[in-house]
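> Got a structure for you, written out below as structure tokens; questions coming shortly.
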Amino acid sequence: MVGFFISKTSWTRFGRLMPWIIFSTPFAVISYFLIWFVPDISRGQVMWYLVFYCIFQTLVTCFHVPYSALTMFISREQSERDSATAYRMTVEVLGTVLGTAIQGQIVGKVVTPCIESPIFIGKTNSSVAMEELNMTHDTGSLTDTRNAYMIAAGVIGGLYILCAVILSVGVREKRESSELQSDEPVSFFQGLKLVMNHGAYIKLIAGFLFTSLAFMLLEGNFALFCTYTLGFRNEFQNILLAIMLSATLTIPLWQWFLTRFGKKTAVYVGMSSAIPFLIMVAVLDSNLIITYIVAVAAGISVAAAFLLPWSMLPDVIDDFKLQHPNSHGHEAIFFSFYVFFTKFTSGVSLGISTLSLDFAGYQTRGCSQPSDVNFTLKMLVSAVPVTLILLGLLLFKLYPIDEEKRRKNKKALQDLREESNSSSESDNTELASIV
């Protein structure tokens, strides 16, 4: 819906995309802070968090869709858009590193001791027993924890505003780079049908869906895997940092690789390179050095997973423009579905993880976990991601836009623009002669 509304937004002196970014930012920051605030109410806390979390996600969508679509409105050149995507994804991963570090350092200073699980805790009454144990948790420590989360939220909210200001001041949309509004009004469902009937887009989204889910499962469960299965309770923040730093540093490498060998080749190499390391970490005995090696290798693949799907999307939009030369203004809808599937895979990943761990008997804040939980964590960071990556690569095999097709599309689009420019010039000359 946000993608459709953006496509109907009138041009302003700030552009068409930038007002969405500017006006959503302050409200997104307020709602983010309120997610981490503990209201002094005895009932309705679940509704409080549900409402503000939904508001925050909606406002982030109002930021993320136009922010992503800006790639199409700063240049017509494929190489320049690829370069802009590489820079964007590098800074996004760097932002993730920064956010993880800030949250980890501020909240990590407040020590929340683990709870030794008594022998009597079984799967049937574990939640009741853990609840009784949680009631004995020191209230002073709980207050410190609440304050730490709010301080971290305030710092991250400040960074959000700073980045939005830099973006709005430093980037200008080029009106001639692409036309966002259609020549004729297109309804939401007509635009949706046009976009979703484009075969290359569907195949790209399908591959993106599986590979994204694989890496989100890995990232979401790796901390628990390090803490409980490998026994590195005090190292997991550093291991996660190693993953994200590795991803940040290798995005420029993947940008060079895709320009040298092509995007489809980069997808196969980038995604598949994580598979042997994911198998290794689950099969071998607990070893800190091997875990760091796996973390760095996973980071290299995470970089490919971050960069390549977003780098391939502008090529799909160019292909769509050639097949529908008289249909304009659908770029934001293309990007909005990408954002939608990112959120969708995040939700599915959280659902799979929490349900699987709950079924296995996971004990919140426990110092150790049952063997079923350790086995489940191994599956969630190894077997399941490997299977999803392989499925994603099979779907990418069906993706029709290779380097040769990309070059042909580039030349055809250039010819189309030149023809359009010469046609408009002749119309102007004819009008002038009539006048």
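Each residue, glycine too, has its Cβ placed from N, Cα and C.
According to TrEMBL:
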type: COMPBIAS; residues: 410-420; note: compositional bias 'Basic and acidic residues'
type: REGION; residues: 410-435; note: region 'Disordered'
type: TRANSMEM; residues: 20-39; note: transmembrane segment
type: TRANSMEM; residues: 46-67; note: transmembrane segment
type: TRANSMEM; residues: 148-171; note: transmembrane segment
type: TRANSMEM; residues: 200-218; note: transmembrane segment
type: TRANSMEM; residues: 238-258; note: transmembrane segment
type: TRANSMEM; residues: 265-283; note: transmembrane segment
type: TRANSMEM; residues: 289-311; note: transmembrane segment
type: TRANSMEM; residues: 332-355; note: transmembrane segment
type: TRANSMEM; residues: 375-399; note: transmembrane segment
> Can you see whether the transmembrane segment (238-258) and the transmembrane segment (375-399) are touching - at least 3 CB pairs under 8 angstroms, only pairs 6 or more apart in sequence?
no
> Which stretch from 46-67, 148-171, 200-218, 289-311, 332-355 shares the most C-beta pairs under 8 Å with the transmembrane segment (375-399)?
200-218
> Verify whether three or more Cβ pairs under 8 angstroms connect the transmembrane segment (200-218) with the transmembrane segment (46-67), leaving out any pair fewer than 6 apart in sequence.
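These two stretches do not touch.
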> Who are the chain neighbours of the transmembrane segment (20-39) in space, where the CB to CB distance is under 8 Å and they lie at least 6 residues beyond its ends?
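Long-range Cβ neighbours of the transmembrane segment (20-39): 2, 6, 9, 14, 45, 48-49, 52-53, 55-56, 59-60, 62-63, 65-67, 146, 149-150, 152-154, 156-157, 160-161, 164, 167-168.
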> For the transmembrane segment (200-218), what are the same-chain contacts with Cβ under 8 Å, counting residues 6+ beyond its ends?
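Beyond its ends, the transmembrane segment (200-218) has Cβ neighbours at 267, 271, 278, 298, 301-302, 305, 309, 312-313, 316, 319-320, 334, 337-338, 341-342, 344-346, 348-349, 352-353, 380-381, 384-386, 388-389, 391-393, 395-396, 398-401.
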